[in-house]
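Per Swiss-Prot, the feature disulfide bond maps to Cys33-Cys47, Cys40-Cys52, Cys46-Cys59. Annotation comment: Swiss-Prot describes 1-21 as signal peptide, evidence class sequence analysis.
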Amino acid sequence: MKTSILFVIFGLALLFALSVAIEMEEEETDRGCGTMWSPCSTEKPCCDNFSCQPAIKWCIWSP
């Protein structure tokens, strides 16, 4: 019984992670700007509320 519950919880977590990954991939192709953990450059700047960190060249959230 405990094993079944663990498998169900693991399965739900896996489905959630997969759906988040697919959603992030779709957002990346739809937008002309970078969102969280997107590579940033002069050609593709970060979206509003995100800033490009020069050391890592990724967009991160900034208030």
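Cβ atoms are placed via backbone N, Cα and C, with glycine included.
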For Cys52 (disulfide bond), which of the three DSSP-derived states applies: helix, strand, or coil?
strand
When DSSP is mapped onto helix/strand/coil, what comes out for Cys46 (disulfide bond)?
strand
Across all the protein chains here, work out how many other Cβ atoms are within 10 Å of the Cβ of Cys47 (disulfide bond).
17
Measure from the Cβ of Cys52 (disulfide bond) and count the other Cβ atoms within 10 Å, all protein chains considered.
19
Please report the number of other Cβ atoms within 10 Å of the Cβ of Cys59 (disulfide bond).
23
